[in-house]
Amino acid sequence: MQTSSSRSVHLSEWQKNYFAITSGICTGPKADAYRAQILRIQYAWANSEISQVCATKLFKKYAEKYSAIIDSDNVESGLNNYAENILTLAGSQQTDSDKWQSGLSINNVFKMSSVQKMMQAGKKFKDSLLEPALASVVIHKEATVFDLPKFSVCGSSQESDSLPNSAHDRDRTQDFPESNRLKLLQNAQPPMVTNTARTCPTFSAPVGESATAKFHVTPLFGNVKKENHSSAKENIGLNVFLSNQSCFPAACENPQRKSFYGSGTIDALSNPILNKACSKTEDNGPKEDSSLPTFKTAKEQLWVDQQKKYHQPQRASGSSYGGVKKSLGASRSRGILGKFVPPIPKQDGGEQNGGMQCKPYGAGPTEPAHPVDERLKNLEPKMIELIMNEIMDHGPPVNWEDIAGVEFAKATIKEIVVWPMLRPDIFTGLRGPPKGILLFGPPGTGKTLIGKCIASQSGATFFSISASSLTSKWVGEGEKMVRALFAVARCQQPAVIFIDEIDSLLSQRGDGEHESSRRIKTEFLVQLDGATTSSEDRILVVGATNRPQEIDEAARRRLVKRLYIPLPEASARKQIVINLMSKEQCCLSEEEIEQIVQQSDAFSGADMTQLCREASLGPIRSLQTADIATITPDQVRPIAYIDFENAFRTVRPSVSPKDLELYENWNKTFGCGK
């Protein structure tokens, strides 16, 4: 009977939930019905009424339906679980006013019973450790006594030197927090004020009348911190301000007392307005103190950074930051001709700005920044920085073995360039190196690589420039850049100035040429070999071009060595193939390499590199598209000769026979080769 009754109960509940699900009611009851179904499934499976497989299927089915309602963003079919309850709670609440103040203050914290117990325990411990010598501060179990004198400004010196009776002052007590008394014990007794009647007007302010007044507590020494801080130790100060009136007028500041207390305490004690503001702060809540860290202008911050960077002594007094008039930027007013002082300097040292010595701005506004080298004194620092950072090449070193072929050109360059730079003591006089070298020939033969190898093997500073790096939209900037380039190169001797595509910079001058372009060429020729140049300068200009016939005659004269870089011969092409294939997996025999070299006649060095790159893609192209995503690098087959045969069908020589004939004729006329 129990089994049949329980089944009937389960059946009725199942039917009830099914009716709630299938009816057109809102989504809330539907979600509850699905959740009830899931609970029934778990209960039936726990009591072994259904199998695990059946429970898993049913649970998955109803869980998906339940999540479809819960996770849906649709207003009609989904269920918003949170918005309704949140809006209900927030709908009846009134918004807080902007003038709302928190009930949690320092006074309320000190009135708590737990804090009072801690303070009493601290008092007992401090009383046990109190020494008899500290007579100026007497700590009882319930009160703290301060030996404050009764100041009578108009009295004689004897009256001002006398101290009040200790028994009379013992009645005027005031409770202070534990940390206040601890620091007051360390600070002992302040010095007495003596003979103030000569300098002060008639004024008398006895301290005894304000014994019951509440003291405002701030630090005796150091800066005043904000009261509304999260730490209780930082909120509790030590400096005592009278809440009703000041003890000292503004004209009665004693130097000894001022040096003892610090400027912040004396200002607060001597200024009645500030004293009144402090008492108002105690009543109305925490307010920001006037002795917070002062604002620093961009110039002052830059000066501090320079002092820290160059480890120079701090020469600025306290008036450098607080005693002068604050203004954004420079200390003087900026007009039309004023100079903006950036907060962070661009130059980060003497070497990166072309030998310019970076000067701290605090050293003086009229003190100029003198360059380390006299040859750079008339140059703009921005141009020097551009040359040092953008034009100077910091690439990897290049060896002569990396250049295939051109044995005559390499031997000539070693003879006239590398050796004189390595041994300048031997190559003097007529043995001195030339001022310029011109490397001409078809494109892709290694002219740029030779220029880098010259700088790498000779240990020289390498400048790689182009026509675009020397031109500017401003009139006169191009020739200034050329002058700065050679000036920096003279400071960085030995130096190699490599000009790729030199025909675009030193083309033939004509009547229809622009004036700015003509001035740049003239300045370049003068700096290369002019009246101001020295024969002892170890500066080499290396120009590379594939259009030598367009170079100006004056530039051609200054480029003394004009070396023809022809297409690589068979041995050079073989060396290129072997060097490139040694880095890859290949199965080429010696005969196959010879066939590749023979078929690649009239190929330049760049064409040979492109041929090997195209052949290396052959094994990848032989794979199926589906295998590329799953195959490992070790499963890719090596490069075979058939890949080179397929590559020869797509790669052609980039130099025509007509261009080769032009180069050979120019070499016979102006070249220095065999």
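Glycine is treated like the rest: Cβ placed from N, Cα and C.
These numbers come from a predicted model, not from an experiment.
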Same-site ATP binder from A404, A484, A487, given that Swiss-Prot records G444, T445, G446, K447, T448, L449: A404
Of the residues S162, S259, S291, S654, the one that Swiss-Prot lists under phosphoserine: S259
Candidate annotated as N6-acetyllysine in Swiss-Prot, where the set is K339, K410, K574, K583: K339
Residue carrying SUMO2 cross-link as stated in Swiss-Prot, selected out of K225, K233, K308, K377: K225
Residue, out of the binding-site residues A404, L449, whose Cβ gathers the largest set of other Cβ atoms within 10 Å: A404
Binding-site residues compared (G444, G446) - the one with the fewest other Cβ atoms within 10 Å: G444
Entry from the binding-site residues list T445, T448 having the most other CB atoms no farther than 10 A: T445
Neighbours of A404, G444, T445, G446, K447, T448, L449 excl. site residues, C-beta within 8 Å of centre, ATP: I403, V406, I450, I565, G605, A606
Average pLDDT across the region 'Necessary and sufficient for interaction with RAD51' (295-344), rounded to a whole number: 57
Other C-beta atoms that fall within 10 angstroms of the C-beta of K447 (ATP binding site): 26
